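**Student:** Below are the structure tokens for one structure; questions will follow.
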Amino acid sequence: MKKSTEQTATETSATITERPPIAAIATPVGEGGIAVIRVSGKEAIANVNRAFRGADLTEQQSHTVHFGKIVDERDEVVDEVLATLFHSPKSYTGEETVEISCHGGVLVTQAVLETILGLGIQPAEAGEFTQRAFLNGKMELSQAEAVADLIHAKSAKALDSAHQQLEGRLGEHIKQFRQQIIDATAMVELELDFVEEDVEFANKEQLKQLLEELDQEIDSLLATYETGRLVKHGVQTVFMGLPNAGKSTLLNTLVGKDRAIVTDIAGTTRDTIDVDWSYDGLRFILTDTAGLRETEDIVEAEGVKRSQKAFREADLVVYLKDLSHQLTGEEQQDISSLQQDAGETPFVLIGTKKDIARPVDDERIAYDLKISALEGAKIEDLKQLMKQRALENKHYDASSLLVTSSRHRDALQKAREHIRSALQALEQGLTGDFLSIDLRSALKDLGTITGEITTEDILDSIFSRFCIGK
């Protein structure tokens with residue numbers, strides 16, 4: 001059964017610590033020195049103790065580590081382990097927890113896990129440990145989401161952003177916004193209590209100023225989303241140009257290894273090739289495309305079609321022009337059309353093969369940069385230019401808080417609309433009933449970010465992104 005949108009995390013937390021124990025491998029599966037199996041829930045320590053040969057775990061203090069052996073139902077040794085104990089509520093989940101460190105390796109780790117599950121403990125679902133931590137009040141919902149972001153971070157800046165959210169910086173802003181709305185609602189509803197006496201308690205100008213300031217603050221936070229999206233997911237960067245313009249060579253130069261086939265034969269790249277690359281902490285997804293030209297080759301034509309799709313979805317377009325060939329009127333027109341079609345998407349025009357360029361520069365077109373990928377000329381300048389253009393007109397500061405989640409963006413946008421609706425009602429002289437409805441709606445929208453207001457659908461959507469064991 002779905003929870004009502006009125007139901008909060010704190011309302012359910014009293015029953016969560018009584019949930020049955022769950023277990024899962026908490027480290028990546030594979031060969032390694034050590035693997036960790038996490039067990040959490042009611043009587044987790046007593047359950048693990050049944051398969052543990054060593055000190056009686058039920059008599060040990062929290063945050064202590066104990067050497068022993070895990071044995072199966074025949075009392076045969078499965079592995080030598082270290083058991084780390086965490087008593088409730090001083091654990092990641094807030095529940096009684098045991099973390100079993102065993103030898104790494106697929107077979108031995110699975111054998112230990114199966115022994116633990118054989119005690120009647122249930123296998124954990126994806127993100128279930130962190131979900132229990134949220135429901136037990138160990139973290140806000142936005143912090144729980146930051147755990148997943150931390151795990152999936154692909155660049156230094158994405159890692160920094162996830163750390164900021166995990167530390168509760170977004171939650172602090174949301175709490176501040178909610179308190180401002182609560183203050184405004186109190187002003188309005190106090191007046192409603194005395195409506196029959198025709199008494200006005202709310203200072204209309206003060207209320208208007210409070211709501212306008214709140215609108216601006218939410219707007220400022222929303223303005224960071226585009227930057228946050230790029231930081232979290234990476235800058236979708238597409239290399240475009242005629243066949244044999246040097247797209248594959250440049251991609252290989254940037255990533256430092258051969259990912260794309262490079263030949264003197266035009267049309268070698270038949271499909272789009274995506275490669276991860278980071279520069280100065282920012283992640284780029286570089287897409288090497290098939291050269292744009294008319295072709296009767298079915299495979300190459302499909303590659304051109306995919307190139308056009310990559311162009312439409314790009315965050316940054318890098319067009320490469322081979323300087324060893326004269327710029328034709330047709331290509332000049334193609335470049336102009338692409339620049340126009342790019343719209344607000346940053347467009348960078350690069351002259352390639354500078355080392356074998358024609359003696360006379362073509363003055364009909366303004367290049368952002370001229371490079372030689374083969375000789376490495378101006379490659380560092382290109383990297384800096386790509387980062388600069390990707391973040392152009394974006395709100396970014398290394399220490400600033402970024403909104404990186406589309407869920408958070410949507411909730412903030414809804415809250416802002418309700419704030420603006422309340423402002424409009426105030427200016428039109430409508431009664432406090434109308435203002436109160438919008439203010440309470442804004443309060444609920446903001447509450448979905450930190451988890452004061454939540455539903456099963458929201459939780460399922462969030463925690464399904466997690467790996468099993470976290």
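Glycine is treated like the rest: Cβ placed from N, Cα and C.
Any TrEMBL annotation is an automated prediction that lacks curation.
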**Student:** Match it up for me: which of 197-224, 253-280, 309-336 does TrEMBL list as coiled coil?
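**Tutor:** In TrEMBL, residues 197-224 carry the label coiled coil.
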**Student:** For the recorded (6S)-5-formyl-5,6,7,8-tetrahydrofolate site, whose residues are ARG38, GLU99, LYS138, LYS470, find every other residue on that chain with a C-beta no more than 8 angstroms from the centre of their C-beta atoms, and list them by sequence position.
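**Tutor:** Near the (6S)-5-formyl-5,6,7,8-tetrahydrofolate site, beyond ARG38, GLU99, LYS138, LYS470, sit ALA26, SER40, SER91, TYR92, THR93, THR97, PHE129, THR130, ALA133, GLY469.
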**Student:** How far apart, in angstrom, are the most distant Cα atoms among the (6S)-5-formyl-5,6,7,8-tetrahydrofolate-binding residues ARG38, GLU99, LYS138, LYS470?
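**Tutor:** The two farthest binding residues have Cα atoms 18 Å apart.
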**Student:** Rounded to a whole angstrom, what is the C-alpha distance between LYS247 (GTP binding site) and GLU99 ((6S)-5-formyl-5,6,7,8-tetrahydrofolate binding site)?
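**Tutor:** A Cα-Cα distance of 50 Å.
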**Student:** Looking only at the domain 'TrmE-type G' (234-391), report the model's average pLDDT.
**Tutor:** 81
**Student:** Specify the secondary structure state of GLU99 ((6S)-5-formyl-5,6,7,8-tetrahydrofolate binding site) as given by DSSP, simplified to three classes.
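**Tutor:** Looking at the DSSP assignment, GLU99 ((6S)-5-formyl-5,6,7,8-tetrahydrofolate binding site) belongs to a strand.
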